[in-house]
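See below for the structure under consideration.
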Amino acid sequence: MMEAIKKKMQMLKLDKENVLDRAEQAEAEQKQAEERSKQLEDELATMQKKLKGTEDELDKYSEALKDAQEKLELAEKKAADAEAEVASLNRRIQLVEEELDRAQERLATALQKLEEAEKAADESERGMKVIENRALKDEEKMELQEIQLKEAKHIAEEADRKYEEVARKLVIIEGDLERTEERAELAESKCSELEEELKNVTNNLKSLEAQAEKYSQKEDKYEEEIKILTDKLKEAETRAEFAERSVAKLEKTIDDLEDELYAQKLKYKAISDELDHALNDMTSI
């Protein structure tokens, strides 16, 4: 019975150490996830500053958003792994607690048997006194029984001491398990906080994606307007060229008319001079 209890205590101790190691691992993974979340927040802040720059860098913002989404998925996976680890720790702690309950039940049974053994020893002692009163000739046998009784008492005392030590170790293990459970609960709480932060990061990413989509739509609109203006410019240039050719033709027509007018004026002056000369000749006659 004592060997079984010792083995069970060693197994419980190993289980406790494994639980502590897994709890520390969960805390380390949680810390790593928090650092990844902080890194994502810093990257988001950088992206928000870049989005305030110029619309010409929308392609770069789109690539940065893609990287941020990949990192967010990695952080979510880390958080999910940490939550699974915490759940595993909780299941492990529950199993250890159940094992402790069974050990306590076995200890209670052993203590009850020890009490029965002590009662049997007392009855044996009373029987020895009866035998001593009934027959002094059985002194040698009585001495042997007395030695056996002392050995039984010694064994009972040793068993009592070992059971007390087992009970004390069980109390210590229960305290360690309670502290481990508190650490696991704290890690679970941290994971919940990290999950909330990751939700906020996801919302920020969605907002940035919406802004990028908005800028993309504005860029398409600007390109369409530029195309329309370019077509209008080409049309205006064509009309300007046509107008220039028309003006050149009109200017040439005006020049021709002016030349013709000048020629008519010269012709008119010549005719006037001839008329004046004819009138003068007629006057002279």
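Including glycine, each Cβ sits where the backbone N, Cα and C put it.
For 1-285, the entry in Swiss-Prot reads coiled coil, with the evidence type similarity to another entry.
Annotation comment: Swiss-Prot describes MET2 as N-acetylmethionine.
Taken from Swiss-Prot, the feature phosphothreonine applies to THR54 (among others), supported by similarity to another entry.
The phosphoserine feature in Swiss-Prot is assigned to SER62 (among others); the stated evidence is similarity to another entry.
For SER88 (among others), the entry in Swiss-Prot reads phosphoserine, with the evidence type similarity to another entry.
The annotation phosphothreonine is assigned in Swiss-Prot to THR109 (among others).
Here Swiss-Prot flags SER207 (among others) as phosphoserine, drawing on similarity to another entry. For the recorded site, SER207 (phosphoserine), the DSSP three-state label reads helix.
According to Swiss-Prot, the feature phosphoserine maps to SER216 (among others), an assignment based on similarity to another entry.
Per Swiss-Prot, the feature phosphothreonine maps to THR253 (among others).
Annotation note: TYR262 (phosphotyrosine) sits in a helical segment as assigned by DSSP. Sequence-distant contacts (6 or more apart, same chain, Cβ under 8 Å) of TYR262 (phosphotyrosine) do not exist in this structure. What Swiss-Prot records for TYR262 is phosphotyrosine.
Taken from Swiss-Prot, the feature phosphoserine covers SER272 (among others).
Annotated phosphothreonine per Swiss-Prot: THR283 (among others), in sequence order, evidence recorded as similarity to another entry.
According to Swiss-Prot, the feature phosphoserine maps to SER284 (among others).
Across all of the coiled coil (1-285), the predicted model scores a mean pLDDT of 65. All protein chains considered, the CB of SER207 (phosphoserine) has 12 other CB atoms within 10 Å.
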